[in-house]
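Here is what TrEMBL records for this protein:
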- 44-293: domain 'AB hydrolase-1' (DOMAIN)
- 106: active site (ACT_SITE)
- 131: active site (ACT_SITE)
- 280: active site (ACT_SITE)
């Protein structure tokens, strides 16, 4: 069979594309990986998946999360970001996209569901959410601002950011933290709101000193996205259940299930797997276990072929 000609150089035409939704950076070292924009938080997971099954990885950089430039980077509504996913797929494959599976973690999982339910990827044949449940997410939103206020606003170095992520429990895998945090922080461009009573020179010196002592800050200011939080998660469980394709839900704990998903799981409407001893960043804490679950799902539904002697 002839190799398909695809619009992105280096894009391997063999294997189902798995589109990962989040904020990423990757080195593009594998011919089976396509990195759009800036991507990092799935870097260990994508390598683990492509070592088990024949597939391609498309790590899509959601607006406002990385280095991709858009007209309105502050529009992080579920509708807009879902349309972004559809637009990227169309730009990559034109009118004849291959069968595709969407995989998303947390907010990225919510966007994957909104994309699927709106039929923005017509060739979609599989959907995977990683540790995102409507009930748990909606409950957590009440304390989210307090959580954000409690974390550091700046870091002295990348090593300092990595150390914080592990000690705080945000990421429990040091190797993953070393990859992930590079994409979550950026070099400070400046410090706002200097004291008005000081002279311009004093304010400039203060700004330069602050930037020197704490040169890194968060890439995205999550507190400013609060108006979109409800739209990401409200109604998510029923949207997920209504998608007429095979579905996989990976959770860090069974206690995260809400009523709708509990009923749906008992009715066999989706496959679920709990990965204990993981935090919310399941795919970073245990990339091999998540890769094994995804690979098994792909093979079971005959979406992909195993490679490297992978036993499922």
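Cβ atoms here come from the backbone N, Cα and C positions, even for glycine.
Residue 106 (active site) sits 8 Å from residue 280 (active site), taking the Cα positions as reference. Cα of residue 280 (active site) to Cα of residue 131 (active site): a span of 6 Å. Listed in sequence order, 105, 106, 109, 250, 251, 252, 256, 280, 281, 282 are the same-chain residues at least 6 apart in sequence whose CB falls under 8 Å from the CB of residue 131 (active site).
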